[in-house]
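Worksheet: the structure to be examined is printed underneath.
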Amino acid sequence: MNLCNSRFSVTFVRQCSTILTSPSAGIIQNRGSLTTKVPHWISSSLSCAHHTFQRTMNLTGQRGSRDSTGATGGNAPAGSGAGAPPPFQHPHCDRAAMYAQPVRKMSTKGGSYDYDLIVIGGGSAGLACAKEAVLNGARVACLDFVKPTPTLGTKWGVGGTCVNVGCIPKKLMHQASLLGEAVHEAAAYGWNVDEKIKPDWHKLVQSVQNHIKSVNWVTRVDLRDKKVEYINGLGSFVDSHTLLAKLKSGERTITAQTFVIAVGGRPRYPDIPGAVEYGITSDDLFSLDREPGKTLVVGAGYIGLECAGFLKGLGYEPTVMVRSIVLRGFDQQMAELVAASMEERGIPFLRKTVPLSVEKQDDGKLLVKYKNVETGEEAEDVYDTVLWAIGRKGLVDDLNLPNAGVTVQKDKIPVDSQEATNVANIYAVGDIIYGKPELTPVAVLAGRLLARRLYGGSTQRMDYKDVATTVFTPLEYACVGLSEEDAVKQFGADEIEVFHGYYKPTEFFIPQKSVRYCYLKAVAERHGDQRVYGLHYIGPVAGEVIQGFAAALKSGLTINTLINTVGIHPTTAEEFTRLAITKRSGLDPTPASCCS
């Protein structure tokens, strides 16, 4: 049992010091004459821990050990002179590795700071980092605050975007729309279904919000149980070790050895008349206290398309306004197939179009004027709801980052491979960092790994490559690895082979659902082992299909391994094992039947 290197080593050595120095302990402090009142492995470990404790309390000047002004110390360990005997070495203790770790001043023993770590942001990244840091012996506070939305004043509890206004409510409403579709398909499968069945928006919103509030509550309890101090306040830096927290009851100044910025982002609003006064964003949609009705969704990223998709499935009339391209950053062949599948379902797309203004009419409806950016032609239409989905902005403005000396790039924070900013004791994780995937699982893992490096002696870094993701449109799109365009750009068109095919889900046949856009492809190297660089899939339960293949891709999946894997029949996932036609061949990738 390697007690000196365990995650609780700091606490352990403190307790051991008390035992070793207590007159009633019955343990002689002379290393060579430990009594037999305790088993040998305990006595030797206690002696080792006592030595570690003395060194930890005395040693300063290493990276991570600073005085209250932030200056590094310069004192050598006691007893480190030329004539000092070598320290006791436990046979199972990697002392060299342990000594190489940063030495922190523990605030619980009169150190210079209120906390070892303050995490700014109570979302996925911040919570994961805070809880993991506590498990590794740090004293942690988590600062969290939500500004009300400008149009409706929407607020929410702890948990960040994903829990409150992102992944969770989005997936629930997507599921509600799929259930509505399934109900209408049920008649083809022999079910007697009332033709007048329709969703109740208010009941759906209430159910979604009840679930969110339960998650908020569980999260608060979890933070309390794990001894993370939760501070509901807006934080701004005074200097690199001091934060001013604005609370409901006033202000509070708090200090920490280390800060992790995990504030995430919020939706952008266009700079046009009426945008803020009358438009809403995804921050408002999932708690909207009225039916959305005829809705203009401005923006064709994944948020805009997902919202338009479930609104259509719930019986409303969405229109998508696209300034340039659909699903920027994704494989564009797949993106256009997704858009085409939505148009087939009756969702209009206004291409190459931007909004000019939003006006509220006497009847409460919204008059939107817009323009085609290619022809200059202007037009207008009336909607019940205007939903802005034009991108997100990092929440850096309220942090007063210049006071701490932290660099900002395009409202995001640039970091190195260890999530460190340009300031030695300040880190950033999650959606706030520049140039990394803005996905909840990425944020969670990055936050945990950062805490383990800071307080657990780990060296593992976050791997941001080949991260799988899913767009929850009516016909879902999931992918992992490189898009076809990026693979060509990185390796050259002559070095890339694309295996592709359309397929026919068995469950689509009886209700006679369209299979026109059920498509998948594997982007691979053309020669050699034909390693797979990217996998792309459009169809039902896309996220469930791609997850396992994501692990295979990260493990070095090749085309030969893929096509020689025996598939599970009949499933849509097995279609990846049947990819045999390349784009270069020019052959028709459309199957004759579900089993061909």
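Using the three backbone atoms N, Cα and C, a Cβ is placed for every residue, glycine included.
Worth saying up front: this structure is predicted, and the values here are computed from it rather than measured.
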Candidate from Pro292, Pro355 that Swiss-Prot assigns to the same NADP(+) site as Val322, Arg323, Ser324, Ile325, Val326, Leu327, Arg328: Pro355
Recorded disulfide partner - Cys167, candidates Cys142, Cys162, source Swiss-Prot: Cys162
C-beta crowding around Leu399 (FAD binding site), within 10 angstroms: 23
From recorded positions Ile120, Cys162, Ile168, Arg392, the one whose Cα lies nearest Ile325 (NADP(+) binding site): Arg392
Using Cα positions only, nearest of the binding-site residues to His569 (active site, proton acceptor) (Ile120, Val263, Arg323, Leu327, Arg392): Leu327
DSSP-derived class (H/G/I helix, E/B strand, else coil) of Ile120 (FAD binding site): strand
Recorded NADP(+) site residues Val322, Arg323, Ser324, Ile325, Val326, Leu327, Arg328, Pro355, farthest C-alpha pair in Å: 19
Cβ-Cβ neighbours of His569 (active site, proton acceptor) (radius 10 Å): 10
Fewest-neighbour residue among binding-site residues, criterion Cβ within 10 Å, set Ile120, Val263, Ile325, Val326: Ile325
Rounded distance in angstrom between the Cα atoms of Val263 (FAD binding site) and Cys162 (disulfide bond): 13
